[in-house]
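Novice: Have a look at the structure that comes next, please.
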Amino acid sequence: EVRKYKEKLSPLELELLKEKRKRRLVKRKHIRHRRELTVLGKPKGSRNAYNIFMSENFHDARGSSLSGKMQSLHEDWKKLPHSQKQIYIQLAQDDKIRYENEMKAWEEQMVEIGREDLIRLKARRRLVKDSAVMHEAKKVPKKKVKKVAKPAKRGEKADKWKNEE
């Protein structure tokens with residue numbers, strides 16, 4: 001039946017069917033990946049000041065429906081004086097620090113269990129750099145830096161740094 005159905009389709013419809021299948025597979029793969037991260041205990045992202053305001057004031061919001069409450073909270077946020085917004089901005093900064101600390105701990109845990117593929121690119125670069133620095137520190141003696149005076153050329157500074165081994 002599937003073969004008969006596909007024979008009836010035009011080439012354009014076949015391409016659309018293939019694209020739809022690819023999108024469905026990518027979506028399924030993404031969902032599996034997100035589920036795996038949840039199981040491994042990846043911390044949730046930090047919240048911004050607006051989100052903190054919304055979550056704290058949601059129950060007191062005007063409006064009977066969800067969209068009505070959200071709309072009234074949005075208007076309240078716009079009318080909120082900067083001095084009161086500053087409180088939520090500080091809470092958001094604290095939450096960002098919390099998130100970064102939790103992510104560092106989680107990424108170290110992932111390295112210990114051998115799942116470096118789940119680590120953020122920025123952290124992966126930091127880990128590679130730190131391990132390279134440690135490796136170099138063990139092997140190569142430190143270079144001595146000596147300041148050598150040279151005459152200035154066409155607007156350059158008179159003193160240059162020279163590395164000695």
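Every residue number used here counts from 1 along the chain in the order it is shown.
Glycine is no exception: its Cβ is also placed from the backbone N, Cα and C atoms.
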Novice: Choose the correct range: of 38-69, 134-165, which one does TrEMBL annotate as region 'Disordered'? Give that range.
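Specialist: Per TrEMBL, the stretch marked region 'Disordered' is 134-165.
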Novice: Within the same chain, where does the coiled coil (89-116) have neighbours whose Cβ lies under 8 angstroms from its own Cβ atoms, ignoring anything closer than 6 residues to its ends? I mean 6 or more beyond.
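Specialist: Here the qualifying positions are 40-49, 51-52, 123-124, 127.
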